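Participant: Below is the structure I would like to discuss, written out as structure tokens.
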Amino acid sequence: MTSPTSTILIEDDELPPSWRPTDSQVQRTSPRTSLEILIRPNDATSGEPSRKRKRVNKLPGTLDTCFKKLRKTFDQEIETRDRKVEDLDQKVEDLSQEVEKLEKQVQDLQRELLLQNDRHQEELSRRRILECKICLEQPDGWHYLLCGHMLCEPCAKRIGQNPCPFCRTRFSGFVYCYPFA
């Protein structure tokens, strides 16, 4: 290392005019000689530190400024992302409320559908009772067999004296029923 009274110039520093070669031609020197030229004792009388020391002295302030700017940028980014997170949380809450509302609506519609299905099944069973089991029509007049089965008038005439088409019980006659309703 060099003594505190000497200054080392870095390649990016400019050479002072007094250190520049006076010849118009560039002087070629050996690496050892060029190092000797670059090391020069510092003037003790001048209270001004060298350019390198000025840079070093400014470095902590520059770092502090950079850290402050970086911190400010990060804080702004964090605030922006926090706002986005809050917005997304609000959207999630709104959507969850909407989902609950729609689930309730679905339950109501399912309940209504079940009621309609029950009504429909009842209507079908009523119609089946009023249908002839052979021709599947709804007749105006019924013939009641002694075994308990009911037939429409045209189907009862076709059977004649044959046994009941459902249970094969022999019967001797019909009981005429007038229309329901």
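Cβ from N, Cα, C; glycine included.
Heads up, TrEMBL stuff is auto-annotated, nobody curated it.
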Participant: Scan 78-119, 120-161 against TrEMBL and say which stretch is down as coiled coil.
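Facilitator: TrEMBL lists coiled coil for residues 78-119.
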Participant: If I take every residue in the coiled coil (78-119) and average their pLDDT values, what number comes out?
Facilitator: 96
